[in-house]
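Chemist: One structure coming up, written as structure tokens, with questions to follow.
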Amino acid sequence: MSLPRFDPAEYETQLAAKIARFKSDFAPLDLPEPEVFRSEPLHYRLRAEFRIWHSEGRLDYAMFDPADPKRPVLIDGFPAAAAPIAAAMPVLRERVMASEPLRRKLFQVEFLATLSGELMISLVYHRPLEADWEAAARELAAAMGVQLIGRSRKQKIVLERDWVLESFELDGRTLHYQQIEGSFSQPNGGVNRQMLVWARRQAEGSGADLLELYCGNGNFTVALAPLFGKVLATEMSKSSVRAAHYNLAANAVDNVTMVRMASEEISDALAGGRAYRRMQGIDLAGYRFGTLFVDPPRSGLDEATVALARRFDRILYISCNPQTLHDNIAALRDTHGIAAAAAFDQFPYTHHLECGVLLQKTAA
């Protein structure tokens, strides 16, 4: 696969091809007509990273084409990048080129932006960072008005903070999310907001309680929690759990219990398996679970989690891999059918498609 071309004139054509493939692949599973949620055709990506190419005193941003991975493709800009990233790229390059402490052995640059306009830049080096780097970096951060981090092997220098704060309006609420450097956050902010709206619409009227697996930094948790009595949310990443606690407090969400456990562990606990230390103080018998929400990694749900899912009347499933979503739905066909479906174009001009389904229990 080659590097994507970012041509707005081709946007609808490339999206139509992905939707057609989704509908064809899922037709044997009785897929209803999916809602389609489009991305902005340009400046949609809130995360980006680039290698830095040094040549005769000049620095350039570089990407690598999977079709020719050893040859760098030098770029002046990145049309997919969100506006704060696109505006910062040329300024950063010129300022770093003019500063020997910032330029020397700079290997990679990583950007993390928000819909609300914040920007964090991580500069990654192949050398230890010393006092001269920090002094130059503080000048750069102040001049550009960004959060700046320096990293090298076994070293990380955070000038102010290693996170940005996302804020946006959703169904009459202003939501706030801490997004930590190096932790997962949704790359396409506009499409993410559409996913939250769709998920809330499917969850309305569910009542009872919610079990959420793979909750990350609480992206969906914060949006969905007001629609349920109580929520039990699980996540394995320590940094994501910290961010989730921050985000729940920042949004005044007080009906969520977070536990750092893998999906197979919570499946075992709910099935009456062994006692887990991290579940101490949590009264599982006090929950009336009616809905399961999952947003798993590309590998999808394991067998234990599929077995757990069978016990729920409603399963809300967001997937970044249609193939494993297909396999999981096929495994649940004896108990659940697809009541609603959606396609989210998180990654325009690529073959990737984010999908959402609501599965409703059809048999005891």
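Using N, Cα and C of the backbone, Cβ positions are placed for all residues, glycine too.
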Chemist: Which of Q179, Q186, Q323 does Swiss-Prot put in the same S-adenosyl-L-methionine site as Y214, N219, E235, D295?
Modeler: Q186
Chemist: What subset of the recorded positions Q186, Y214, N219, E235, D295, E354 lies within 10 angstroms of C320 (active site, nucleophile), using C-alpha positions?
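Modeler: Taking Q186, Y214, N219, E235, D295, E354 one by one, the ones whose Cα falls within 10 Å of C320 (active site, nucleophile) are D295, E354.
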Chemist: For N219 (S-adenosyl-L-methionine binding site), name the DSSP secondary structure in the helix/strand/coil scheme.
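Modeler: Reduced to three states, the DSSP call for N219 (S-adenosyl-L-methionine binding site) is helix.
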Chemist: Need the DSSP three-state call for Y214 (S-adenosyl-L-methionine binding site) to compare against my parser.
Modeler: coil
Chemist: Would you list the other residues of this chain near S-adenosyl-L-methionine - those whose C-beta lies within 8 angstroms of the C-beta centroid of Q186, Y214, N219, E235, D295 - in sequence order?
Modeler: F184, C215, G216, N217, G218, F220, S240, I318
Chemist: For a quick check of understanding: among the binding-site residues Q186, N219, which residue's Cβ has the most other Cβ atoms within 10 Å?
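Modeler: The residue with the most neighbouring Cβ atoms within 10 Å is N219.
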